[in-house]
């Protein structure tokens, strides 16, 4: 050790000692190992830094993400997400390599947590100057700066103590959720409150940031307020929804109702590990919080959902598009907006419930009575999308208790199907969000009898494509759902149609913007169709006066949807696509210069038919609905000279939108016809006849 090679210099001893203190999990194990050798550890770190055998794969570039809302950012703490197949040992080695390379450059780092079980990666405290270095490490997929998440109820100082409004004998659900366990990620809770005593287990999990401000006092009743109230809404004895459900609480929000993305991630990882160690029945995770859009938080929710866990979250209280927030924007999460006693959107001062295509449904969220942390028998009213999400978590617990084998897709479809329809005043929402926001208020199903034979479908909107000439938008169904039809919508009316195509082993709906257009939406009709065999048949432009035609030619396959798009554009000289099954219900007919696509499915007992409704004079909106017992699977338009903006499904109704009638004239040539394809299960029809 007395001589130093000119090619390899030793680090100063004080720096090495400091580095050992900050090495994180790997370093801690080395320090605790009585046989560990100080010099060997240093040499190992130097070797890992200098040896660059594990270079990043060619053609792959790690990306950096941070919250779009600057006040919510937490610079200096980063979640490093590694590629999906990365093992724990590789995660730890990557973390050590980052520390070694940072130390050589004179930077100190601290590994706060190594993720394992939910997603591979680690949480590191380091200077932002090291981001470029970290992004070049092997196995790194992307890095996200940590950010804040917040409880989604009004502040505690606006609450008012109220005597209980409900009596136990007034609300008797068919199943209390006794077979379901609900995890609540929130503040601490007052577990000895009479509403939830014996129903909630407080875990030892806690990952919260320090409270803001030096004068903040951690008064127990304020620290427990949000979590106690929500636990009471979910399963309280008097004011709870699922009175039989058991709960486990994890503390991820501090006394001010503030947490972090990283703390929430570690909480979700805790749930996944608990699930693996001790498998139980159906699990519901309630996330009554919101932060800025987070790729890593959405990814963690996706992993947990695909492990069979139902996640329910608050849409957010920012009177904004829910797609801008996480976890509300995660497709695998059931996102809930808030309504009041009149089924209208909740207003909270200058703000209010979030809205938009990422919201699945709404639920009661204003002046909700629940357990108060002020005393063990006190009640309080609180408002917000947290309370709305708690209602849906309770409903989900009861539905899962009645049918424990339900998948997330089946549960979501049932929640939508049994909701109260078209009761919300859409004028409250911004004009550009009205068509995207579901007009649904959650309700308990009257009975699960016969639901297994019901054909459930929902409408999924894509994000807006943007205005560029070749822009496209893509709408996707959940993994357990079948895409039965595809349509498109453009506020300017300039679009090149839509088509169904395979992507990643699943069919997706892709819509095409047109020259001079302002952007387009793709609209997927996603259905539960067990044992289905579905395919898309395409006919290229026929260039014949009779138009382009395509049909379901396979034996036993029925037509569930039609779509059409232009391969090239002729600056608007083409007519809009004509989609009309004529004569037999298994044929799509379109313009001779368009490609026509038919969605054809074979499933036990499936039968379909076509319904049309036309208005001789031009109208801004034309609709046609399927009868009771039938489910809308396809929605398209048969236009004349009117400029059709698009067609889309709202519940069981096909809606065709056109330009303002003042710009289209009033001749019969401007007539528009809405074309619906309605399907049902013969098993359900037979069961209904037997009941009658």
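Along the chain as shown, residues are numbered 1 onward.
In case you wondered, yes, glycine gets a Cβ from its N, Cα and C as well.
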Annotated sulfotyrosine residue, as Swiss-Prot has it, among 38, 142: 38
Candidate set 47, 235, 599, 642, residue annotated phosphoserine in Swiss-Prot: 47
Among 6, 249, 447, 688, residue that the record in Swiss-Prot marks as phosphoserine: 688
DSSP-derived helix, strand and coil totals, residue by residue, for the domain 'Inhibitor I9' (77-149): 25 helix, 27 strand, 21 coil
Sparsest-packed of the listed disulfide-bonded residues (255, 358, 654) - C-beta count within 10 angstroms: 255
Whole-number Å value for how far residue 562 (disulfide bond) lies from residue 226 (active site, charge relay system) (Cα to Cα): 49
Inter-residue C-alpha distance, residue 323 (disulfide bond) and residue 626 (disulfide bond) (nearest angstrom): 31
Those disulfide-bonded residues of 600, 608, 635 having Cα within 10 angstroms of residue 678 (disulfide bond): 608, 635
Of 534, 552, 562, 635 (the disulfide-bonded residues), the residue whose Cβ has the fewest other Cβ atoms within 10 Å: 534
Residue 226 (active site, charge relay system) CB neighbourhood, other CB atoms within 10 A: 30
